[in-house]
Amino acid sequence: MTDLTKRTAAETAAAIANGEVSAVEVAEAHLDRIAKVDDRINAFLHVDAEGALAAARAVDAKRAAGEKLGPLAGVPLALKDLFTTRGIPTTCGSKILEGWLPPYDATVTRRLREADVVILGKSNMDEFAMGSSTENSAYGPTRNPWDLDRIPGGSGGGSAAALASFQAPLAIGTDTGGSIRQPGAVTGTVGVKPTYGGVSRYGMVAFSSSLDQGGPCARTVLDAALLHEAIAGYDMLDSTSIDAPVPAVVEAAKLGATQGIKGLRVGVVKQFAGEGYQAGVVQRFQESVELLRALGAEIVEIDCPSFDFALPAYYLIAPSECSSNLARFDAMRYGLRVGDDGAHSAEEVTALTREAGFGAEVKRRIMLGTYALSSGYYDAYYGQAQKVRTLIIRDFEAAFTQVDVLVSPTTPTTAFKIGERADDPMAMYLADLCTIPTNLAGNAGMSLPCGLAPEDGLPVGLQILAPAMADDRLYRVGAALEAALLEQWGRPILDLAPAL
Amino acid sequence: MSTATTDELMDLDEALARFDPVMGLEVHVELGTSTKMFCSCPTEFGAEPNTQVCPTCLGLPGALPVVNAVAVESAIRIGLALNCSIAEWCRFARKNYFYPDMPKNFQTSQYDEPIAYDGYLDVEVEGRSFRIGIERAHMEEDTGKSTHVGGATGRIHGADYSLVDYNRAGIPLIEIVTKPIVGVPGHLAPAVARAYVAELRELIVALGVSEARMERGQMRCDVNLSLKPAGAEKFGTRSETKNVNSLRSVERAARFEIQRHAAVLASGGTIVQETRHFHEDKGTTTSGRVKEEAEDYRYFPEPDLVPVAPSREWVEQLRATLPELPGARRKRLAQDWAISDFDMQSVVNAGALDVIEATVAAGSDPASARKWWLGELARTANERAVELAELPITPAHVARIVELVSAGELSDKLARQVIEGVLAGEGDPDAVVAKRGLKVVSDDGALLTAIDEAIAANPAVAEKIRGGNHKAAGVIVGAVMKATRVSRAFRLRATPAVPSAGWPPAGTERVRPRSGP
Amino acid sequence: MSAITREEVAHLARLSRLELSEAELDHFAEQLDAIVGAVARVSELPTEDVPPTSHALPMTNVFRQDVVRPAGTPILDRAEVLAQAPAAEDDRFRVPRILGED
Ligand SMILES: [Mg+2]
Ligand SMILES: [Zn+2]
């Protein structure tokens, strides 16, 4: 029996294109899977069965008419609820947008539709992408398919968990400080943060505009590359969109798997180690580095002294931008309105609505950002953080003169227990220690599974970092490592996850 | 809520004897671009509510801004025209504050990196020139418009709720801020404020970047004013009077605030730094809502927009597109028309520069063009409370009238009637002349016939005249006038074939000899 | 360096338009104090001659032609937009009475 939900996106697309299965069959298989397991996972905030089937039917009709299908035509996908979808609920995991039906599509949404990708629904996330565990969703936490008592990472826990529980072969995430890579790491899936400006942010609800970047999530490097090419590229509606050809990531993924990485210079960042790193994570990471060496890569230790200050800089810059970005949720034009009884003024209704509509982490960050931008504090906090950002960029620049890519563990630990860090923001923030510098510099980064930690049997992620617009290097290295690991393991890592 | 003010005022002369005013003017100009500052929505005035909106200017979640190239060009051209330096690199910034008509609850503006800075504009008042320093000109966006429902007045206070139309939200604005205006003799300060806004308006219109119609809110002025004791160095605390939206109001608001500040300071009080509202009807200002806490706009660079770095080549290309600026044009025309700066100022004050220039271009001599536009027509415009250009008479019409007058076909008095006819919609000057039969009679044959007929019809009178009673000629004259439908001010040729009665009677105007055909 | 008091939190809440409860004021004061104390580490790096970075990638001069709604621009349906508003009237967004200035 072939389980359609176990296939990779590339396999599914090929099967649909050659008529082995219909897109509708594929969509139905995934909708069935969602119906079967998602009450335990809570990966989806909204399932659009009708829309998915309609899109699938359209693909089948195209094929019947002899039209050429795109490389992902008919492949189902979970779309992070941070992207607007016309007429389909978009909540960003927040009560303040409960029931909102956007009147327009995000550019990513539009490109997915144009690529005939079948959008199954909207995936769960930390409210407005603020969090590392998806516990901050107003609609309940998402659970890690490896251990339902553990977090699936965040903010894109819904997307990662949907992949790991075979509810979708593809998902879209957003990465502001690691929200694609960290969930990928703790769920045994692949996640890529493209170069800032590589994927349009238009219609992606802003958390921290200078850091946010949408990107692909998948179970294999090649699938991620296929999705990357479907959504990336210049968009005139986003001023920070890069007007240059998309790096050839699919080709790079294929090359990596077949030609390897001989002669590649790989940097191991000194700062991503030491206290706070779980032994099993470090072990699997070091084994992978040795594997890269065995594959012909030259391994170099790299010193990036400013990276130690990335976390504090991030927790000033991101909250500052979010305090401004989230000001628009004021109960005037869309979303929740509380206290409109004729007695309260607009000002009061806004404050009452925001109080009722935002969760604790969002409020914390809004106030932290408001503080960091306040007159009298700006220079010491926001201004200083932006200077640290410059130093981090310089560290990367220096590093990339010596090596082609950098590698590190994606996260210091494997998935922690739900509730463990829920009201300890500082502990929670440590989950993004290794992922944050990339966001501050605008570079590209990938996380892919590199094994299970011996002490808890949970997935460990390896992070690869490349210079801006060299996203293809991630795929080249990632695919090579993936192929070598697969050869060692004999089967995909997700086959080791407990059955649901 | 009453808008009456309990503020005491000091007599203006006394106030100016004791204090020196320091003014600062902030002018917002809505650019006349086809699309908004950060999105491609149209900007047409008066469209159906919320039809010129998109995700960006509605501040919908996920929407992003993209800068309008023409708005940047306009900002640079305004900066150049104001003798400013143009930033080599500058950014937009977010100005954070909540307001229901501002969709994102921040205004995308510029903060410490304006696109244009450090310039000046010369203005003239009572024949004296004053150089107004320009601190900066920067780009930003307009807000939506609220209609207040309920309550007695349609004003915000006492309203039950408000309705918001976001068509205006995101229309490009250029904010132009002066340096503190000091050293202007106090009695001229309000007039200088007005002259500055008038001059700026002319410049904006000349650049073609906005119609700058104040009555439509396309140009809005904030008047900042403080007083310091006469001769003192240190500035006093200022008040900021918002949305002073006509030239006349600028002058009145400045005058009122001088008198109010002076009264407060003289009585030992202190001026509160606050915003004030100007009341067009009474010419007074009242205090805005006092905020519990000082505003903290938490400006920071707009991450959704990349920096603007105008190349010097681009700036020079834009400089080459600048038209002759109003000041230079006035100097040139004053010379061409052989009039003093002072007379030119009257022309400008009357808003007659364009029409007079066009009238001269249509063939009129400058003196006659000025005479008509500043006299008869200015009076009419004033009566009708419209601009000269809005009168239903064109420079070409006026030029034709001047031609008819200089050709001797119309007297000034007749010309006035022609103007009256044109203004009444009776057609162009020639049509009015024909319809009203307003031609000065210069056809000897027709006139002599009329005279002969008059003499024949009044044999007794003719006999008296022949007998030496010249006073009796009035009867004949009246009859001739009636017959030729010429007014009492008619003129005759210098040498008509007069009857022996001693024609023409004494006191009758003589007409210049016809020159040319 | 950090000293986020309850009053400070109340002030921040007013600036951010959050009607915090008394319990939240206490809780957030404690947490924000800890966070601010931690992030204040950014001042430990010597940055005297370091320019701040607001945009990671060095892009400048991204402009749009002044053309009304070119192809590819989302066009909104007014009825659809207003249907999402908490209240609408006369084709406008209906908002509670505004205390702000006239
Ligand atoms: Mg302004
Ligand atoms: Zn718009």
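Including glycine, each Cβ sits where the backbone N, Cα and C put it.
Listed features, source TrEMBL:
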- A:25-474: domain 'Amidase' (DOMAIN)
- A:Lys80: active site, charge relay system (ACT_SITE)
- A:Ser155: active site, charge relay system (ACT_SITE)
- A:Ser179: active site, acyl-ester intermediate (ACT_SITE)
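Everything TrEMBL records as a feature, shown here on the structure.
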residue: A:Lys80; record: active site, charge relay system; Cβ neighbours (10 Å): 32
residue: A:Ser155; record: active site, charge relay system; Cβ neighbours (10 Å): 35
residue: A:Ser179; record: active site, acyl-ester intermediate; Cβ neighbours (10 Å): 37
Query raised in the report: Under DSSP, is A:Ser179 (active site, acyl-ester intermediate) helix, strand or coil?
Result: coil
Query raised in the report: Can you tell me the mean pLDDT for the domain 'Amidase' (A:25-474)?
Result: 97
